[in-house]
Structure formats: C-alpha cells, structure tokens
Amino acid sequence: MFVLVEMVDTVRIPPWSFQRQLNDAIAEELNKKLANKVVYKVGLCICLYDITKLDDSYIFPGDGASHTKVHFRYVVFHPFLDEILIGKIKYCSQEGVHVTMGFFDDILIPPESLQQPAKFDEAEQVWLWEYETDEGAHDLYMDQGEEIRFRVTDEVFVDTSPTGPATATPDTPGQPGQPGQSTAPPAEDAGEKKEAPYTLIGTICEPGLGLLSWWNN
Amino acid sequence: MEILNPKNANAAMLSNYEVFKLLTDLKEQRKDSGKNKHSVGQQNLNTIMYETLKYLSKTPCSRQSPEIVKEFLTTMMPHKLTKAEKLQLLNHRPQTAVEMQLLVEESEERLSEEQIEELIQTVADVLPGDPEQENAAPADAEMDEGSEQS
C-alpha cells in the first residue's frame with residue numbers, strides 16, 4: 001500500500017526561521033509542500049520518512065532566505081497492481097461503485113468489474129448483486145458505509161498542473177454565465193470540472209472480494 | 001523537485017505497521033511542540049495524518065511490533081512466497097482459505113490445501129488478532145487477560 005520514494009528538492013528557509021534547527025525547519029517545509037498532495041506518476045504523499053543528505057545552504061542576492069538542496073525519502077500511498085485493499089463504499093452511481101479509504105477517496109469499481117450479475121437500483125441509487133442459490137435469487141445490496149474488499153486493476157494519473165491561457169477555442173472563454181458542461185471540450189477543461197489527479201480502478205469480480213459481510217459467516 | 005530514478009521510483013515497500021508507527025511517533029512529536037500545528041500550511045499534514053491513522057488503527061497492523069514482524073518473516077521463509085505476498089499477509093492477516101487465495105497468486109498450483117491451512121494457522125499464531133473478535137469465538141486456547149465483557 002505504501003512505498004518509500006527518494007526525492008531531491010531545494011528548500012527555502014526564510015530568515016525568521018533561522019533560529020530553528022535546520023533539519024526541523026526543512027522537515028516542516030517539505031511536509032508543508034508535499035503532505036496530502038498527489039505527485040504525478042508517483043502517488044499520494046503522506047509524510048516525510050527521513051532526510052538522507054543535506055547539501056550546503058546558499059543565500060542568493062536579493063533574497064534573505066537560505067536555499068538548501070535536500071535528498072530525502074517520502075512515504076507515498078501507491079498500491080501496486082493486483083493488490084488487495086479494504087475501503088468503505090462512499091456512494092453508487094451509474095459509473096460504478098465509489099470507494100473511499102478515508103485518506104484517499106478516488107477509487108472506482110466500474111459496473112463490469114462487479115460480481116455478476118449486477119443491477120443498478122435507480123430508486124435507491126445503489127448497485128446490487130443478484131446472487132443465485134438453489135433456494136432462489138438473493139439481492140445483495142452495496143450500501144453506503146459498508147466495508148468492501150477489492151483488487152486494484154488500474155491506476156490513472158492526470159496532470160492537473162495549471163495550463164497556460166487557452167490557445168485556440170471556438171467559443172469565447174471565461175463567460176460568467178456558462179453552465180458546467182462543455183460543448184467542444186479542449187484537451188483540459190477550463191477548470192470548471194475538477195478531475196482527480198490520481199484515481200484507482202478496482203474489481204470485485206472474484207471469490208472473496210466485495211462486501212466483507214458477504215464472506216464472513 | 002525531482003524524483004531520483006523515476007523509472008524505479010520505489011526505493012522500498014513499507015508495511016502498514018511501519019507507516020502506523022511513523023505517524024504515531026510524528027503525532028507525539030508534534031503534540032509536544034504545540035505552537036504552530038494549526039497554521040494554514042500544517043493543515044494538510046494534520047488532515048492526512050489523522051485520516052491515515054484512523055484507517056490504519058482499524059487494521060491488524062495496529063497490534064504489531066518490530067519483533068512480531070521479524071518473527072513473521074522468519075516463519076514465512078520456508079514457504080517461498082514473494083515479497084508482495086508476504087507484505088499483504090502481514091497487512092491483512094487472512095483468516096480463511098478464500099482470503100489466502102486472494103493474496104497468494106496461483107495458490108491452487110503452488111500450495112496444497114494443507115499448506116494453506118498451515119499458513120492460516122501460522123498467521124493466526126504469529127500476528128496478534130482483534131481481541132473483540134477473539135472474545136466472540138472462545139474456541140482457541142488463548143485467554144485474554146482482564147477482558148471486560150459488558
């Protein structure tokens with residue numbers, strides 16, 4: 001679930017923090033920069049593990065702060081392919097079952113990866129598994145808040161760094177009255193719909209996967 | 001900022017226990033220096049620490065220790081499991097054969113039924129389980145000392 005990633009960065013310590021121990025000041029700055037943030041193609045950063053190397057600190061003209069190149073290791077949430085994870089069902093929609101782990105929310109189990117046969121109950125907005133036994137069919141509901149065990153099948157990283165001004169758009173950009181949906185969407189939306197930078201796609205289409213209550217007797 | 005060696009970005013895999021311990025120690029450390037925890041910049045760290053600790057405290061890793069992890073890995077050596085499989089066994093503490101088959105790849109070909117049973121038994125013996133769960137099933141010889149029953 002968690003991995004250690006080695007990184008290098010230059011950390012700026014402002015002069016009013018010079019009385020602090022350099023290691024503490026740097027640790028705080030790194031956590032401020034990376035904790036709870038997704039790094040493209042790496043994962044969700046949790047917290048600093050340790051500092052492996054500190055280069056010399058420099059002060060540049062015009063800026064009273066010190067700049068230090070730091071080699072460090074960071075704890076990152078990045079499950080490997082086919083890993084089994086346990087989460088809670090956040091809600092169900094046509095797109096599938098949305099699962100959350102508390103610290104990480106963007107997990108989706110698409111309809112084709114649910115235990116088959118599966119049906120979407122429009123009235124209650126919930127997916128259910130039509131489980132057939134000799135006695136007849138039971139409908140097993142996937143309710144909100146239930147603990148669910150799933151296998152990671154795919155991960156999607158989206159680069160959400162800000163883009164420059166829109167280059168060639170057919171409609172005039174930035175009209176305040178425009179609704180959320182885009183007619184001719186450019187490669188990246190103008191910021192109305194926020195895309196999750198890191199999404200996990202899972203499956204529960206195997207014996208043992210799905211709601212924990214289905215398999216505990 | 002750059003990642004050293006981006007192709008192989010993982011320097012190491014961490015078990016849930018290691019992350020749990022790191023976050024608990026960090027929380028203790030920050031509790032002592034109570035001054036600037038609530039500044040805007042620290043909110044992200046507070047949030048992620050709180051949520052991750054909340055998640056991990058409900059998993060088997062909250063009851064583990066470095067000695068238990070070491071003992072577990074030593075007992076697992078003869079079974080020839082991959083690193084990822086041993087890590088998942090450590091994190092999940094499977095109690096049924098179905099869970100075992102999920103965590104161990106191609107378990108039908110690599111392990112016989114008795115070996116799977118043996119693995120389940122080893123996992124249950126070496127890794128501490130949930131005391132509430134074990135109260136409900138008193139079949140084991142383990143007696144919890146001083147457990148309160150309401």
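Even glycines carry a Cβ here, placed using N, Cα and C.
Keep in mind it's a predicted model, so treat the numbers as computed, not measured.
Quick look at what TrEMBL lists:
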type     : residues  : note
DOMAIN   : A:9-64    : domain 'RNA polymerase Rpb7-like N-terminal'
DOMAIN   : A:83-215  : domain 'RNA polymerase III subunit Rpc25'
COMPBIAS : A:159-187 : compositional bias 'Low complexity'
REGION   : A:159-193 : region 'Disordered'
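Restricting the average to the domain 'RNA polymerase III subunit Rpc25' (A:83-215) gives a pLDDT of 81. Counting residue by residue with DSSP, the domain 'RNA polymerase Rpb7-like N-terminal' (A:9-64) contains 16 helix, 24 strand, 16 coil.
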